[in-house]
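Listed in Swiss-Prot:
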type	residues	note
ACT_SITE	195	active site, acyl-ester intermediate
ACT_SITE	455	active site, charge relay system
ACT_SITE	501	active site, charge relay system
BINDING	262, 265, 269, 271	Ca(2+) binding site
DISULFID	25-71	disulfide bond
DISULFID	194-502	disulfide bond
DISULFID	261-278	disulfide bond
MOD_RES	317	pyrrolidone carboxylic acid
SIGNAL	1-18	signal peptide
């Protein structure tokens, strides 16, 4: 955080608060606050597009019941000399509620956030951008191709990182003028998002680091090529092993694994807080022969690999979802079913045995492996998740198709080739893996990075790998102790025991952090650095319990049922560490 006097900031806020809501929420005031063309290099504002309307007693943010008065503003700009048009929505708190803050919310799937009101709860101006491709109504995957073989690179770069960075830079400038603040006044700027919203947050930290004071990034979908193709991996395992397990068999394998590994962390509470100990000590073959039963019903694929937990700030979270009938399933776990599960948890390797990517932690749901019932044949068949299939068709094959029709002639080597093609093609846009965060760190930025340990969509180890890359690149000349001490001053990473994708887990009643923004604001504005992360258990025997989670690389170990220690466990940490020799270039 750049150093500013708290007294000076308070004085600025007082000045802003002195203005009336009706005085500031006008088209003329917004136009006067716009940056003059040439002020922000490459940005030319379009004053004729400005709108400003006061709104009263409006709800704001996802799931909030609190109401606010705010100024609903629309502005537009063009990239100098290009002739395009980008529309931005801003929500300005009434002056008495403004607390010198700017807030950016992430989206999810292939959608940027379309809601500008998320910052109102924090006294912050918020924004949302259409990114120049009408992102309020279109998701990026709908516009990524102009036609077969032709990539829409403008939309790609805007979705990848550019649109949010420009929205933030423009928004902070307008904010100062809107409230009558001086041009050198401080506006604390925050980002918050999960899933692709987490990736978007990392893109801002990596490429627009000097614009932000604090970023909260959950389960980032970075390493985009590997992540998206990985959604096809489970189907390829089933095809390669020629076994398509009934969904109930996989559920039994997962639930039996949870039951077996639950006590390894020192407390039996239905939560596998130490998937590393599970990986090191539990053998899936011990489940062979156990009975399973599931009643007939329908199954809904939630799209983008989401499981049945709460999610935050996702515009089209059911994108790619399908519903299918499932008959009653009754049987025992087979050796072939266990082989499928084990191969998925082991991760993708090429035909030479070289590792290409990491996978989900053992005890995570095997959502991508869910097969589809064919009522004509009475058999379970391949069900390719559109999450990964669409990425292959549109981003790799450059065909305007929503999914792969089959995996004929596809091998593990094919998946590696797809990953490599995507990594190279989108290295400077979607991949989002730059490990040198010096501009963000040196300008005082704070990064709170978290990931559900049992995430069935984006592997938790993906976040661990990136944290390790940042440590290695930025502090490779320091001892491990020195590097950890330096990192925790500005970059803190937390695994959430038992948690699923961007939310709680219906299979494991574990804790989940609920006040990350309050923690971040206190860290940035008051200098109160956290050492552990506050999280609350919302269901099960321990519902209502508050847990202070361990900061990586320390791991939790319960002492009885009431408290746990954060311990160093090198063998366990090693189980989270990966190299990817299947690729010829470093994979951060």
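The backbone N, Cα and C atoms fix where each Cβ goes, and this holds for glycine too.
According to its DSSP assignment, residue 71 (disulfide bond) is in a strand. Taking the Cα atom of each, residue 262 (Ca(2+) binding site) and residue 278 (disulfide bond) are about 8 angstrom apart. According to DSSP, residue 194 (disulfide bond) sits within a strand segment. For residue 269 (Ca(2+) binding site), the same-chain residues lying six or more positions away in sequence with a CB closer than 8 A to its CB are 262, 509, 510, 540, 541, 542, 561. Using a 10 Å Cα-Cα cut-off around residue 271 (Ca(2+) binding site), the recorded positions 195, 261, 455, 501, 502 reduce to 261. Within 8 Å of the Cβ centroid of the Ca(2+) site, not counting the listed residues 262, 265, 269, 271, the chain contributes 263, 267, 268, 270, 272, 273, 497, 498, 508, 510, 558. When each of the recorded positions 262, 265, 455 is scored by how many other Cβ atoms sit within 10 Å of its Cβ, 262 comes out lowest. Of all the active-site residues in the record (195, 455, 501), the one with the smallest CA separation from residue 278 (disulfide bond) is 455. Across the recorded positions listed here (25, 71, 271, 278), the residue whose Cβ sits among the most other Cβ atoms within 10 Å is 271. Across the disulfide-bonded residues listed here (261, 502), the residue whose Cβ sits among the most other Cβ atoms within 10 Å is 502. For residue 195 (active site, acyl-ester intermediate), the recorded positions whose C-alpha atoms fall inside a 10 Å radius of its own C-alpha are 501, 502, out of 71, 501, 502. For the recorded positions 25, 71, 194, 261, 265, 455, a Cα to Cα distance of within 10 angstroms from residue 501 (active site, charge relay system) holds for 194, 455.
Distance noted between the C-alpha atoms of residue 25 (disulfide bond) and residue 455 (active site, charge relay system) is 43 Å. When the alpha carbons of residue 265 (Ca(2+) binding site) and residue 455 (active site, charge relay system) are compared, the span between them is 18 angstrom. Cα separation, residue 194 (disulfide bond) to residue 455 (active site, charge relay system), rounded: 12 Å.
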